[in-house]
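Undergrad: Let me give you the structure first, and then I'll get to my questions.
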Amino acid sequence: MFAYIVRRLAVAIPTILILVVISFLLMYSAPGGPFNSERPLPPEVLANLEAKYGLDQPMWRQMISYVWGVVTQFDFGPSFQYTDRSVNDVIAQGFPVTLTYGLWSAFAALVVGVSLGVAAAVRQNSVLDYLAVGITIGAQALPNFVMAPILVLVFTLWLGWLPGGGWNGGQWEYVVMPVIALSTSYMASIARITRSSMLEVLNSNFIRTAQAKGLPMRRVILRHALKPALLPVLSYLGPAMVGMITGSVVVDIIFSTGGIGQFFVNSAFNRDYAVIMGITLLVGVLTITFNLLVDILYAWIDPKIRY
Amino acid sequence: MKLAQPDAKMLEEVGQLAEVRGRSLWADARARFFRNKAALAGLVVLILIFIFAMFGGLIAQYERDFVDFSLMGANAYRGVPSIETGHYFGVDIDGRDLYARTVQGTRISLLVGIVGALVAVFVGTLYGATAGYVGGRVDNIMMRTVDVLMSIPFMFVLILMLVIFGRSILMLFIGIGLISWLDMARIARGQTLTIKNKEFVEAAVATGVKPLTIILRHVVPNLLGIVIVYATLLVPQMIIFESFISYLGLGVQEPNTSLGALMSLGTKQMNNGTLWMLFYPLFFFLITLFAFFFVGDGLRDALDPKDR
């Protein structure tokens, strides 16, 4: 087990390095710099600015000094756009927001998705089953940038129950709609995965044995069937996590929640290299860490897996 | 003792028996597919959508980039969908005919989905089959590369690329091509591992067939079933992916459009009572996705029946 974790870590670190190199190269090959605007700066001023931010150095030097700063001091450098703030400040402001509604979304998607999937599988071919399958297909197809405005239309403009945007320190009224918008399609996927794996497990011999022993159905499902049936869900959590981080861009824009997604898009349009790099790296590291955790958890739970 | 003479009739019967042909895997799959009502309905809808995307423009009364200035500021009530004005789906916020634009958007969305799936089929299958067939260290390196690429948040990298290199359909295709093949490579590899120990591959190796020929002639054809299933299921994913990019304004650029871009424009006008601007593109988006889902599921049941 320990060797497995070490081996996985040995893959994770080069992955992060590759991510740094890719985004750095992309950024470096971009035409136009952060200081190009409609009114061109005098060349001396430009040269001074570039010297200040180290942009006059050769490419490999910029890259090495950047990576060095990140690794040794956790320093992503200054933001070019928000001159009074560093990238760390931007991330420190946006990330807790994203993390809050991201975690709630993951929680909601898991709980609702698994319950729906189990219920549909236990009552296969019933009205409930068809309803669940119908809902999940619909929820998978409806993009969140269509769903979110519809939620705003219904809950804010028609019913007036929830505020249409903002964050306000994460009060629950402000969190509800972002969480619904972000979690629904993953909830649907989890429900589908749970349903089909649950059906498979319910048809296996050990479940028949448990039933033959006279155990109540409830106990059979909770104690015997649920754990093996959840393994595919576990392995889906990695991609779901990536999708949620991506989806947070839309949620941030529509609900003006001020998470990192909003900063990412703004910086991308403003060529604020440092912020983009910082966020891309953060997201990459998160993704890799999460995938690592899921894999370790999987290896720990599933006795069949060889590592 | 006299042996029964085979009379003419009997011979004929035997002849007919011989003519009963063995059913191939594909014939079986086709039969299973056509028994599946949902999948069949999906296929019909899909064909209708294709016809709409290809030939729907012929009955459009307006060019898709024609701005009807007479409707300016009044399209909330004068631009409503109607047969008489020739704006079957109404007009969009700029006074352009939404029908013509929906036809074009559907075409682009389908194109994006299909290009993504094709890249996945070609690159992913060959990559996965090669990795699985060759095995050993090559396999290890190739699949580790896929692992590494998969854990990169591609949407962010793609947004970067679109911002840096400019927004164009070509760039979008490159971005989609970069990610779509990864899953397929894994699936193809897994399947190849089971195929490569079969007797017919062994026979090919024994008769001295070159590895590349074995992969192309003996391994890949046996992957086709599962590849087709996943390619079909990949198309809606790619369409959703594109709609996301278009929502951010980074996808297909005006005057071209896609269903994602149209829906995004539609959602912004929702409060003005012009719900048709969202409704028509959304309708075509959803039925396209549903059709692909159902056809994909039907194909999976037909080609990969071990599940049920």
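Note that Cβ sites are derived from N, Cα and C of the backbone, with glycine treated the same way.
Predicted, not measured: the structure shown is a model, and the values here were computed from it.
What TrEMBL records for A:95-294 is domain 'ABC transmembrane type-1'. For A:9-30, A:101-122, A:142-162, A:174-193, A:229-255, A:275-301, the entry in TrEMBL reads transmembrane segment.
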Undergrad: By a Cβ-Cβ criterion of under 8 Å, what residues six or more beyond either terminus of the transmembrane segment (A:9-30) are in contact with it?
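TA: Counting only partners 6 or more residues beyond its ends, the transmembrane segment (A:9-30) has Cβ contacts under 8 Å with 59, 62-63, 66-67, 70, 271, 273, 276-277, 280-281, 284-285, 288-289, 292.
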Undergrad: Go through the chain and flag residues at least 6 beyond the ends of the transmembrane segment (A:275-301) whose CB is under 8 A from any CB in it; none is fine as an answer.
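TA: Distant contacts of the transmembrane segment (A:275-301): 1, 4-5, 8-9, 12, 15-16, 19-20, 23-24, 27, 66, 70, 76-77, 79-81, 87-88, 90-91, 95, 227, 231, 234-235, 237-238, 241-242, 245, 260, 263-264, 267-268, 307.
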Undergrad: May I ask which of the stretches A:101-122, A:142-162, A:229-255 has the most CB pairs under 8 A with the transmembrane segment (A:174-193)?
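TA: Selected stretch: A:101-122, with the most Cβ pairs under 8 Å.
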Undergrad: Hey, which bits of the same chain come close to the transmembrane segment (A:142-162), Cβ under 8 Å, at least six residues off its ends?
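TA: Distant contacts of the transmembrane segment (A:142-162): 173-174, 176-177, 180-182, 184-185, 247, 250-251, 254-255.
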